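Here's the structure, in C-alpha cells; my notes come after.
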Amino acid sequence: MRAHASVLHLDLDAFFAAVEQRDKPSLRGKPVVVGGVGGRGVVATASYEARKYGVRSAMSTREARSRCPHAAFLTGRFHAYRDASTIVMGLLRAASPLVEPLSLDEAFVDLEAAGLPDLEVPTVTAFAQELRERVRDQTEGLTASVGIGTSKFIAKVASDLDKPDGLVVVAPGTEQELLRPMHVSVIPGVGPVTVERLRRAGIHTVADLEAVSLEELVRLVGNAHGSGLFALARAEDDRTVEPERETKSVSSEGTYDTDLTDRALMEQLLTRQAREVAARLSKQGLSGRTVTIKVRLHDFTTLNRSTTLPSPTDSGATIARLARGLLADLDTSGGVRLLGVGVSGLADWIQEDLFGETEQEEEPEAPEPEIVRSRDRPGWAPGMDVVHDEMGRGWVWGAGRGVVTVRFETAQTPAGPVRSYADDDPHLHHWRPEQAEAGAPPEE
DNA sequence: TCTGGGGTCCTAGGACCC
DNA sequence: TCTGGGGTCCTAGGACCC
C-alpha cells in the first residue's frame, strides 16, 4: 500500500454492448445483449437497459431471453472491440508508461510513472477526469469508470463504486473504513465457493474477515488464498503494476449445441482446434511442450488429459496427433458437450532441428484426416432442409463452431434421430426440391 | 437441452534425483 | 531389509477472473 492514491483502474462500461450501440444508432437506449446465441450460449455483456430486466454477464442466453425477450441479441464483433480497446490502451500508455491491461476493457495505470506535479487527491482526480474525457472523444462516445487508490485492490473496488461513467478516488488512510462494511466478495479471488466456506464460518463482511486469525483462514481456504485474504482484509496490497505479462498457455475450445457421440467427429474437431492453436502459437513466435485436451461430458464433469514432449512444438500435426491420442483413453460414450485443446509449458523459441531428417519423415507419415471445404456451400443455419447420403432427409437443428446438428425427422419418422457432423462433411448436402427423388431414404 | 471461451493460479500426489 | 528429506517435474482437478 502506497502513501498516495497513485494506482488507477479503468473499466469501460458494458463494453461490448456499448460498442454495438455506438456503431448502430438504432440500438441506443435499448436493451442489448452480446454473447453466445446458440442453445448453450451465455451472456458476455448486457447493456444497462438490459440489466434493468435482470440480465447479467455469465447468465445463459436462454434465461436472458426469457427475462428480456425484446432485447437485441448479438454474437459480438471482436475486431470492433479490439480496435476500440487498442485506442483506449494507447491513450493510457500515452498518459503513463506503466499500464497493465487485464482484458480488452480493463487496465491498471501507475500514476507514479505519469509525471504529475504531485500525487495529491485533487491532482489525480483532475488527471482522471481528463483521461475519461479523452477516452470518450477518441472512441466516439464510450464511457469509462475509473477508480484511484493506494493499491490495485482499492483502485479496483473504487472503479466499481460509481458505475457507469463514474470516478471515485479513495483518499489515503480511508481504505479500511470503506472496506469493513462490504461483503467479502469484493475481494478479488473470492468467488462463490470461498463465499460459502466463509459464510459457514460466520464470516460475511470484510470486518468479519479482519477478525479471523491467519491460521484459521489458512485452515478454511488453504495456504496461498488464506494469507492473501488475511492481507487484503487489512487493505494490505503491494502488487505492482506489471506492463509485460508473459503468455503461459494457448488454447481453443468449443461447446456444441448437442452432445457429441461420434469419435471420428471428435477427432476432426480436435484436429481443427490443434491447427488453430498452432497458428496462434507461431504467430506469437511461441512453442510449447505440454499438450492438454479438455473434455466436458454430458453431465458437466470436466476431464483434462495432458502429455509433455521432450522439446517444444508449434506444429499443428503434432499437437493434433497427441490430442487425438489423449482422447483415445477416455470413455465418451455418454456424450461430450465441450472439447478443447491447449498448449502450455511455452518457450519463446523453437527447438533447433538437430535431427531434421527424422522429423521431416514423421509428418507426412501421419496424414491428417483432411477437412475439405466445399465451395458450393452457403453455410448451415437452423431450419434448413438437408440430405445425408446415408440418413436421408433431415433439417438443421443447430450449427456453429464447425459442427452442424441434424434432426432426421420426416413424415415416416416424426421422432427421428439427431446426429452431429462436421460442417463440411461430404455426405451432407443442402436439400433442394429437384433432389426430391435423389435423396436416399433413411436406412433404418 | 441451466451452466462460453480465453486465460491465471493453486493444490496434491507420485516419480525421480541427490 | 519397514518407513529420511528436500527439490523439481509431471499430471489432474478446481477456483476464479473478465
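Heads up, the Cβ atoms here are built off N, Cα and C, so glycines get one too.
As annotated by TrEMBL, domain 'UmuC' applies to A:7-191.
Per TrEMBL, Mg(2+) binding site is recorded for A:Asp11, A:Asp105. Under a cutoff of 8 A between CB atoms, and with a sequence separation of 6+ in the same chain, the neighbours of A:Asp105 (Mg(2+) binding site) are A:Asp11, A:Leu12, A:Phe15, A:Tyr81, A:Ser85.
As annotated by TrEMBL, site 'Substrate discrimination' applies to A:Phe16. Taken residue by residue with DSSP, A:Phe16 (site 'Substrate discrimination') is part of a helix.
Look at TrEMBL and you will find A:Glu106 tagged as active site. Secondary structure from DSSP puts A:Glu106 (active site) in a beta strand.
If you look up TrEMBL, you'll see A:236-248 (among others) marked as compositional bias 'Basic and acidic residues'. Within its own chain, the compositional bias 'Basic and acidic residues' (A:236-248) is flanked in space by residues 1, 7, 97-100, 108-110, 151-154, 284, 286, 344, 346, which lie at least six positions past its ends and keep a Cβ under 8 Å from the stretch.
What TrEMBL records for A:236-256 (among others) is region 'Disordered'.
Annotation source TrEMBL lists compositional bias 'Acidic residues' at A:356-368.
The annotation region 'Disordered' is assigned in TrEMBL to A:356-379 (among others).
The region 'Disordered' annotation in TrEMBL covers A:411-444 (among others).
The compositional bias 'Basic and acidic residues' annotation in TrEMBL covers A:421-435 (among others).
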Would you mind giving the whole-number mean pLDDT across the domain 'UmuC' (A:7-191)? 97
Determine, to the nearest whole angstrom, how far the Cα atom of A:Phe16 (site 'Substrate discrimination') is from the Cα atom of A:Glu106 (active site). 12
Go ahead and report the DSSP secondary structure tallies for the region 'Disordered' (A:236-256): helix first, then strand, then coil. 0 helix, 8 strand, 13 coil
